[in-house]
Every structure is written in structure tokens, then in C-alpha cells.
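Annotated S-adenosyl-L-methionine binding site per TrEMBL: A:S178, A:G179, A:A180, A:L181, A:E199, A:D227, A:D250, in sequence order. Annotated region 'Disordered' per TrEMBL: A:312-381, in sequence order. Look at TrEMBL and you will find A:362-373 tagged as compositional bias 'Polar residues'.
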Amino acid sequence: MDFAQPLIESESVTTKSKIRHILVKPSENDDPPKLDDMLVEAANQAASNVFGNNNTDSSQYPERVIPQSEKIEENALVVIFESFDNLDFCYAKSGEIFNNRNGHFHHDDFIGKPYGSKIRSRNNQGYGFVFLLKPTPELWARSLKHRTQIVHELDASMIVFYLNLRPNMVVCESGTGSGALSHCIMRTIAPHGKLYTYEFNGMRAETARQEFAKNRVGHLVEVLHKDVCGKHGPGGFDRPQASVDAIVLDLPEPWAAVPHCGHILKPNARLASYSPCVEQAQRTIEELKKCGFHSIKTMEFRLKEHYVDEVEYDPPPREKRPRLPTHLGPTGKSNTGTKTATDAEAEKQEQEEEVTKGQPAATDQASSDNATAGSKRKKLLVTRPFAMMRGHTAFLTFCTAGNTPQPDPNQ
Amino acid sequence: MSESNDVVMTTSQTSESDPLMILPSNVVQEGDHVILVFGDGRQLFAQCLKKLRGKAPPVKINKRTYPTFNLVGLPYGTVVEVGSSKLHPLPEGEDVIPKYPDTNKKGDDSNEGNLEDAEATAADNTFPSIEQANDNRDLVDNNTSQQLQQRQVEKMRRTGMEGATIVDTLIENSASFQNKTEFSKAKYVARKQLKYQQRCRIVRCTPSSLCEAMFLKEPRKMLNLREDTLGQILSYSNVCAGSHVLVMDNCMGIVTGALAQRMGGYGKVFSIYPGQQPPYVDMIARFNLNFAENSSIKWVHVEDVFGTPQGETPTSAETEVDEEKADRELLEWPCPLQDHTRAHLEKMESEKEKRDFLARRCARFTRKLTRGTPGEAKEMLNARKCDSVVIATKHDPTQSLIELLPYLAPSSPFVVFCEYIEPLAECFRELQEQRLAINLRLSDTWMREYQVLPGRTHPSMNMSQSGGFVLTGIKLCPVTGINDLDEEIMKEIKEKMGGRRGKKSSNKKKGGKRGRNDAGGDGERGQKSRRVEGK
């Protein structure tokens, strides 16, 4: 993925300014300081004020940009977009074929094509097609094989946002699961941040590790096969005290990990806990309060999706109410009791007449309608929420660590 | 910096002195903007200043201004109590709603024991007891249970009595307090404390806290952009350190600031502005951005993106001279004194006067030396395609997006925010018809907060009903993304191939045909109809 690529540095306005610290020799005698020395001192001070952090070296501020991968290269990860609900992925290798229900797609057709291309199948007359997309954590989450229930993109974006993640942070995550959230976190903490992700299932940990390496994000993450809750053996994250900027817990028993979190989090750092059940959230919050966390907030986020459609509504219908033929009024009917064949025939004829009479009237109506509403009725652009939505994923509990150091629960 | 313009930096080479590696300090710095979050949910902006020097008063609480010099140096997250003339920092462990009774002062903690017991037993129990000894059967709600007169309470406040003491007095004089349930006792105390013992927490300005505070204060000014929607914009636009993002921001600069902060000084945020100079200076200052983050925001003028109004001739690139750039390039660090300046300085009498003059002069030159021009921003924007486009504007979203899409690299995401759904529906339809993008999704969010307490968990009584709508999608490659011509070529290829593959495909003809029907002639339409079936 693009975010994991090494950055390209180039000259910026700031580096061209050649601002740097200039040494001033302190005057040895008690002469009043020279004007030029005063100027240099003032300049040094001004530079330090502008850059902050006592830094006066403008060469530290080049433009740094990620390289843009425009064309699909050999071994590159490609997201294959069949339809909105149907995404897949592959690593482009010459000679290989990707198969889905739309047909066979040759990797040789992928390589060299720009991302965002439409590819036709090599069988079934080339009627089947897919789109090739550049991977993003969101697309990846939708195309990967779920090993566990994954954290969906809305929840993932909320976790990253409310944890105030930013580049170069150190983050802990437990458990790894399918690695969907891990990619989201890594995107935000790149280029020099580090994600420590803990998984108690050995196989999932190994699969995740291989997947990260294949997606070329391995340098941003360390997968540890460990139960942070310490059900069997010591728990915890094995990180030094107050060394972590944020923690995400997605565990069946998050409360057991909370004391360890309090120990390794930096002061005023953020923690998020993702639990489907309110009882889990409740017990976690009790534990969080004991460990000095504050500003605890439990939230729920639901995504409401909408269709867009065009509709054309007709005006309310105008037509004649069917009436009984006049010569067969109520008196006539009550007299006969049962319909004779001739009566029925007459009625039928009458109805037919009614229909033929009615038709020109109806067209008249329509034409007059058109005349008032203009030559063509305007289509209405409408939206409607989807009939079904995901009703619940999890309760997200966010909180802030206190400023007092917490003891290591393992000691 | 080496001579060549582009130097590839490997990720393992992390220089220790790299200023971008320094995370924001955990201690309030001079000049920092902070948010004061009160127990009742009020949120106020404050700037922590040691000296005022004619600046706006740092913080106004209850129609009173308070100095903030004593907040500088405190760690973020500290709770302060609002005194009569000062904000008093409290020791670590205090919360915005004080513990009752204050164990620091009183030995008697029988009452607290009750409250704590109720919570403790509940915490251990899977089915917490919500049964109470007292209930409301004898409650007479005739507003006479408080024995103190309003005047007496006011007097206590005016004499500068401590908040905790007032709360204690109020409770002692309440006739009905002892008959309340433990829960309603706690509620009563908290209500009195919020009024007479106001406390707030110093919270760092981050995109989430800032947007939340602004949404409470002036949602109309920022197009009703709720913080969770901002969070989605940041994620779905796939921004990361080193991205090029093109943003059109009419939400007071919150989107621009949040993007710059998310990118941590790497990459470029191209923010489009109209008028004479970059707007939203006040709001962007509230993000406490460092130098690198600030200079990663490149202000691009609307003329350089959308062109000039009809009838006016645009200035041609050849004839235009970037005066500001030329001016900057004349400067040289550390800006040697010119003769007339030297003469002017030498006339000054005191050394302090000279130093002040030089400090001002150097600050001005340093700012000038490190500031890019709109012309340069335009060049940078045209030099490379952007990695994402973000639109949160009061202008027509459809037209804005269609005109900004050429700047976006193929297969890159865009996010359009609007407080109303109809403009986005139009945009959606337009993108579909012109086949410019796929993966289109029009959505909004439902956000709800919960009170989680043993035996008393329920959603908050009030919630925000709308935080704005978001349209996301991925741009297709304009050449190879819509290849209707390709069909001919593909047929040719297949005719040539024949042989074994032809045989194979004849076996699978049935499956092939189904595939064709499913994919449909038009990707988006097929996608839409399937979504209908799926849901």
C-alpha cells in the first residue's frame, strides 16, 4: 500500500532559505556588543521561534512525499472490484489467472495497466469485466477473507479519529483478528510509527504476519502471539512503562487487560475498547476508573446508506366513476330480479360505449395537463435509505489515561 | 541536503534530530490553544498566555474573564476549579465532578461509603441490584425542601466562600435529601456541584475535540460538520503522511487543519481559497500546528484551479511574475543590515531598544523566507496528481467535484461532504452517468452516546440527529477505466487464440453468459441493482 512506501525528499522553500544557527563569539572584554553580533543573535532567536523545539536548522524541513504508484507492477497488490458488495484481491504475477464468476482474467493484462482500469475477461467473449483498484485499508477490509468478525470501516475510522492518532506514534492493538483495523492504524502512524499487535491464536498471528509482509507494511508492525489478558501465563504487552501513545482493545474480556494498559500508556494518552455487549463495556469502565482513566465515553456509530434514484410521479388520477346505465335504474333491477340474456347484452354494450366515450375524455385531460406543466414533466432526483442496515457492531468506549504512573500488574 | 533534487529516504534511516519525529508535548506550552471541558458538557476555547500584550482576553467563563498564565506548564488533562478571580489547578486524580463528600477535608465518610457500596456491590454482580431502601413514595414536590433562601446562597457566593462549602450547606439544609435513593442523592449532589463548584478539564485541541467543541458552539458556521463525519472524511480520503490532498474547505478551516495534523508535516494539503489572502487563520491556529504542519498547508487561489470569471482574460503563465517569490529570493539569511538601517539603529540610545528592533526585523524576515507563494502552490499542484480530493464547501458540490477530478490520480478516493443530501444525490447521479467513478456511496451516520453505569445503562437522553452527509467514491482511469473501444480489440484477440482455450470456453459457455448478465453493460447500474437485491 502507498502509505508504507519510503518517502521522496526534495527541496522546499524552507530548505532553500538556508536558515541555520550561526555561532556568535562572546565578546571577551566588557565592550558594548557590536551591532552585527546583536543581529545574529536576534536572527538565531527568530529562527528558533519560527521552527519551535529549539531547532534552528532549515535543512530539516524538506518536502517529503510518498511516491505514486500509477501502473500495476509485478507482485503488486491489486484490489479487484466486481461490484459494490463483491471485492477480491490478488498479487499480480505474470502467467497467473484470476478467476471469478465473470470469467478468467489474466494477470498479464493487469501488469503495466494503470490502477483504475477496467479489464475484460479472456473467456466468454470478453463480456465479463472487473475494475482494478489501488489498495487502501478500506478496500482491503472489504476484500480480505475474514478470519474473525472484522472492525468495519466506520468503526475503524472512528477509532483512529478519537484516539487522535497521527504519524510516528506507537500504538498497541489486541487482538489482531483479520488485520483490517491494523492496516487503518498503520496508514495513520506511518512513516516511522510502530504498531504492536497481539493475537492469542497462533495461527491467526502467523497468517497476519505473512499478510503484512506480502502487503509490504511489515516495517510498521510487529505481530506478537500473546494473550494480553494473561489467562494462561503472565499477561500484559511487554512494553516499557509510559511508552505507548494509544491502545485499541478488541477482546472478549477487555477489563483483564486494562491494568496493563494503564501501566504502558503515556500520560494523557488515549484508549479505545471495542465490545459488542454492553456488559463488557460496563465491566471495562469499572476497571478503567480504578486505573486512573478519565473522560470515559461510550459511543455507538451506525452507517446509514442511501440510494439515489430518479422518479416521475403522475398527478392524481382523474377519471369517471363507473355509473349504472340510466334505463336500468334501481327500479328496473328490482323488477326483474334475475338478469335476462338480453339485459346482460345490453349492459355489455352500454359499458363498451362508456369506454369508447371515456377515452377521448382521458386524453383530453392528459393534454391539458401537459399544457399546464410544460412539455415534459421534470424527473425528481430522490434518495432513500437502504431497507436494511447493520443494526449493531459494537459499543466503542474511549477514555484518556491519567497523568500519574500506574504500577505494573505483573509485579 | 544533497545537491540532487530528489533523494530517496529509506524508512530505516530515522534521524534523531528530525523535528517531525517529535510528538506534541504533554505539557501546555505558552501560546497553546486548549479546550476547557466542564462537567455539564460545556466546552470553551482558551489560549494559554503569559503576557497579554493587547491580545483578546484568554478565556471567558460565566461572563467573567480569567487569566491563563498559570495554566502554562500544567500537563494536559489537569482539572482546574473556577475560583472568583483565578483558575485553580487541582491535584491529579480529581475529576470535573468532585467526589462527595470531599475526603480531603472531612473525616466523616459515611455518606460516601454508601454511594461507593452501591456501586461496588453492583460491579461485582452480573445482575446488579437496583433495589433501593428509599423511594419516592413520600416525596412532596412543593419546592419547600430547601431551607436556605436564594439571598443567603447568593451572599455565600459573593463572599467568596469555597464551592464545596456551599454545596455542603445546601445539602445540610435540604429537608428531603436524606429520604432520596442513593442514586438520586448522587444526582442531587452533582447538580449542586455543577452550579456552585465549577470545574473543567484542560483538553488538548485535536481534530476530534476541536470539531466537537465547534459543533456545540457554532454548527452553522461550519456547515453542521459533526466530529464523527470529519473522522470519516479523514479516513475515507485515505490521507497519510506524504499524501497530496486537494481540499475545498468552507468549514472554518477545520478540514484543512485536521488534514494537516493527520499528515504530521509530511506531504501537502492544497487548500483552495478565494479573495485576497488565506482565510481561517484563527481556526487553524487552534490546532497548535507545528512549523512543518503549518508549512504543509499550501494555499491555492481559486483562480489557479477554477479559472477566472467569464469575460475576464486569465493572466498567462509566461507573463506572470511571482513578485513575492522574487522578493523572497533577494533575502539572505541572516539578513545583513543595510546602511540606512544601520544608521537608524546607531541613533537608538538604549541597547534594549536596538535588540527589540532587531528581533522584530528578524522575525519578519524569517517568516518571509519560509513562506511559499500562491504561485508556487499552483506549480506544485500541477506537478503531480493528488492522492485525494476532499470537498466540504458551500458551493455546488457537483460542479466543484467535476472540476477538481482532473487533479486526482486514477484509482484515488474523493470525499464530498454536504449538510444536505440533495446536492450529493445530484453529484452521485452525475458521476454515474459520466462513468467517472466507482465504489460510490452516499451515507450519513447515526451517533449515540451511552451512560454506562452498573444497573443504570441507557442511551443518552439527547442525541444529535444529523452530522451531515458524505459521498465517497474512487476515480476511474479516464482512459482505461471506461474502455468501450476495448471490446473490439478483445474480440479480435479471442478469435486469434482459438484452439484449446476456445474449447474450454465452449464448455463453460453457460457460466460465461451468466457472468455477462450479472456484470451488466454498466458497472454502476449493475452494482446498484444487486445492492437492492442483496439488502
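Here the Cβ of each residue, glycine as well, is placed from N, Cα and C on the backbone.
With a 10 A radius on its CB, A:D227 (S-adenosyl-L-methionine binding site) counts 20 other CB atoms from all the protein chains. Secondary structure at A:E199 (S-adenosyl-L-methionine binding site), taken from DSSP and collapsed to helix, strand or coil, is strand. Cβ neighbour counts within 10 Å, taken over all protein chains shown, single out A:L181 as the most crowded of the binding-site residues A:A180, A:L181. Within 10 Å of the C-beta of A:S178 (S-adenosyl-L-methionine binding site) there are 22 other C-beta atoms, taking all protein chains into account. Once the Cα atoms of A:S178, A:G179, A:A180, A:L181, A:E199, A:D227, A:D250, the listed binders of S-adenosyl-L-methionine, are compared pairwise, the greatest separation found is 19 Å. Neighbour counts of Cβ atoms within 10 Å were compared across the binding-site residues A:E199, A:D250; the minimum falls on A:D250. In this view, A:G179 (S-adenosyl-L-methionine binding site) is surrounded by 29 other Cβ atoms within 10 Å of its Cβ, with every protein chain counted.
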